[in-house]
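This report concerns only the one structure given below.
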Amino acid sequence: MPSYTVTVATGSQWFAGTDDYIYLSLVGSAGCSEKHLLDKPFYNDFERGAVDSYDVTVDEELGDIHLVKIEKRKYWLHDDWYLKYITLKTPSGDYVEFPCYRWITGEGEIVLRDGRAKLARDDQIHILKQHRRKELETRQKQYRWTEWNPGFPLSIDAKCHKDLPRDIQFDSEKGVDFVLNYSKAMENLFINRFMHMFQSSWNDFADFEKIFVKISNTISERVMNHWQEDLMFGYQFLNGCNPVLIRRCTKLPEKLPVTTEMVECSLERQLTLEEEVEVGPRWLG
């Protein structure tokens, strides 16, 4: 009987492992195998960061393996499992990798295809076309926007962090990082409050850095270094809470207290401010 060697890699992030029952089925060009429980006697399978191998024997030749089905069933309490990939060694000695890199939550089944990059038109086999269509439909249900007005997106369709799909939620390490940074910020504010108690406002980034002296954040550092650039301005709007509220400006707002003389040094084409707006592009947020 044909025998396959299945290698399963579990993620290394916190709580990535599982104690649940994991079943595997192989779908090939010549048929589909029965479910096989991946389990080793007296061994703790699917621990965090582990790479485990199992021998799977099937009753008949399956041909080329197109899909791998993974089913997770509760052992004691529900725990999520982060599966990185599955590598399959065929009876002929070939290796096929099935990437996953996602959380498997609750009880259910996921279907993985091999990691070769293909366009939709390259799928000539019916089960691969069907798998691609189902995966697209599932993602369309998971990742969706609420509407501000008909046809205008508002924000992602989730009321809180826990409503997001598990794969795009912050990892546990990130949550701890948030708590630690919050504690440091409160400590800095408490220590420095008397130093700045008579300061009515912050005049520049140097004042900000005096308060948050112990917190390192590459994003905030990048913003402070590039906030005056057009690229960063557009990035902030297009990746903000309301990306549809930036629009091209074809004329100056009536109450805009800016004159050509005030921005003359920024007008590189020797045009007036009104002419620059007409020639464009200028954006209003």
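Our numbering is plain: 1 for the first residue shown, then up by one each step along the chain.
Even glycines carry a Cβ here, placed using N, Cα and C.
What you see is a predicted model, and the numbers here were worked out from it, not measured in a lab.
Between the candidates G17, G28, G31, TrEMBL assigns the Ca(2+) 1 site shared with D79, D80 to G17. Annotation for D39 (Ca(2+) 2 binding site): same-chain Cβ neighbours under 8 Å, separated by at least 6 residues, are Y21, I22, D45.
Cα separation, D80 (Ca(2+) 1 binding site) to W103 (site 'Essential for stabilizing binding to COTL1'), rounded: 7 Å. All chains included, 19 other C-beta atoms sit within 10 angstroms of the C-beta of W103 (site 'Essential for stabilizing binding to COTL1'). Note on D80 (Ca(2+) 1 binding site): other Cβ atoms within 10 Å of its Cβ, all shown chains, come to 15. Distance noted between the C-alpha atoms of G17 (Ca(2+) 1 binding site) and W103 (site 'Essential for stabilizing binding to COTL1') is 10 Å. The Cβ of D79 (Ca(2+) 1 binding site) lies under 8 Å from the Cβ of F15, G17, T18, D19, D20, each of these being in the same chain and 6 or more residues away along the sequence.
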